[in-house]
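Visitor: Structure incoming, see below.
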Amino acid sequence: MAAPILSGVRKLLKHVHFATIPRRHRHKKKWAATEPKFPAVRLALQNFDMTYSVQFGDLWPSIRVSLLSEQKYGALVNNFAAWDHVSAKLEELSARDFVNEAISHWELEPESGQSGAPSPASWACSPNLRCFTFARGDVSRFPPARLGSLGVMDYYLMDAASLLPVLALGLQPGDIVLDLCAAPGGKTLALLQTGCCRNLAANDLSTSRIGRLQKVLHSYVPEEIRDGNQVRVTSWDGRKWGELEGDTYDRVLVDVPCTTDRHSLHEEENNIFQRSRKKERQMLPMLQVQLLAAGLLATKPGGHVVYSTCSLSHLQNEYVVQGTIELLANQYSIEVQVEDLTHFRRLFMDTFCFFPSCQVGELVIPNLMANFGPMYFCKMRRLT
């Protein structure tokens, strides 16, 4: 099954037109010994300036300064802790639960303004998630999480935009769920917080990253859930999941490896723009297509998949989604439908800044007043 995916991906990649580098940006090698050795963060910024200035036009300068500024966080309340007490403490900091506040506002809006709104089932969020953020323009920080009275940590600090793919997945009670690229564990933890997972498979190929995932689970999830049949942690090659467990899951999250744009501008360690990782970086769209295809093949007909990245690149976002859907139609005669998330975007537009021109899916762009993201996510339904 992997062979047709691989050949299909190669065909799709031939259609990618990578932007040519303007002459003024070209670096002509004269002597190997005198080649400038730029740090990876600088190479990342040069790459983004060339590609994103074309992709985003007049929006790029504001996105750029936001990416280079301090990131904003959210506090995901741990429902396995004394969550009501934790929520009260966070409210005392003047933070607000953006999830339940948004849903409450939506439910209170007069029906006359909802004439074109879809049924609740089509935009329903995964339930029971509570995540506190400070208001737009408020750059306050949350204090580090503490061990609570029930023996687990009170809340998990994360980019609040990272919760959107889990909310968009729309878990229902009793779902069998796969988190295909689970580490370091924030989204896996959020999936468990919904209380909907009959079984959750959390997978990541990297054994070192699996260690970080296990640490998160150990710190936030009670032992009886962690060590019972409800959670299964594996370290398999996610590209082969369609062969391993095809047509199995109700909901699949495919949060793929990407250029991790914000990390690439701030951290030299594990930076994908290091010269030694150039080939790996160029192959990312192929890997992403293979992982999304595997995630869709692992889903039951009628089930849902959310694809997500923390990159602004349309080559890693919309292109991967459209290419994978084409691949599955051609190679497997499997029909996949992209779900419209317009109402989902409206639900959370008071907290996040969304890019208005995505071809498919939604993209949270960093903004100084709401410096979350980047976070791209697209919801799909496997029809056949």
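Numbering starts at 1 and runs along the chain as displayed.
Yeah, the Cβs are placed from backbone N, Cα and C, and that goes for glycine too.
What TrEMBL says about a protein is an automatic prediction, not a curated fact.
In case it helps, TrEMBL gives these features for our protein:
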ACT_SITE  Cys310  active site, nucleophile
BINDING   Cys181, Ala182, Ala183, Pro184, Gly185, Gly186, Lys187, Asp204, Asp237, Asp255  S-adenosyl-L-methionine binding site
DOMAIN    79-383  domain 'SAM-dependent MTase RsmB/NOP-type'
Visitor: Counting across all protein chains shown, how many other Cβ atoms sit within 10 Å of the Cβ of Asp237 (S-adenosyl-L-methionine binding site)?
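Guide: The answer is 14.
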Visitor: Across the whole of the domain 'SAM-dependent MTase RsmB/NOP-type' (79-383), what does the mean pLDDT come to? Round it, please.
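Guide: Mean pLDDT, the domain 'SAM-dependent MTase RsmB/NOP-type' (79-383): 94.
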Visitor: Quick one: pull the CA-CA distance for Lys187 (S-adenosyl-L-methionine binding site) versus Cys310 (active site, nucleophile), whole Å only.
Guide: 13
Visitor: Whole-number answer please: how many Å between the C-alpha atoms of Ala183 (S-adenosyl-L-methionine binding site) and Cys310 (active site, nucleophile)?
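Guide: Cα to Cα, Ala183 (S-adenosyl-L-methionine binding site) and Cys310 (active site, nucleophile) are separated by 14 Å.
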Visitor: With Cβ-Cβ distance below 8 Å and at least 6 positions apart along the chain, what are the contacts of the residue listed as 'active site, nucleophile'? List them in sequence order.
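Guide: Once residues fewer than 6 apart are set aside, the residue listed as 'active site, nucleophile' is near Asp159, Ser162, Cys258, Thr260, Asp261, Arg262, His263, Gly373, Pro374, Met375, Tyr376.
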Visitor: With every protein chain in view, how many other Cβ atoms are within 10 Å of the Cβ of Lys187 (S-adenosyl-L-methionine binding site)?
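Guide: Neighbour count, Cβ to Cβ under the 10 Å cut-off: 24.
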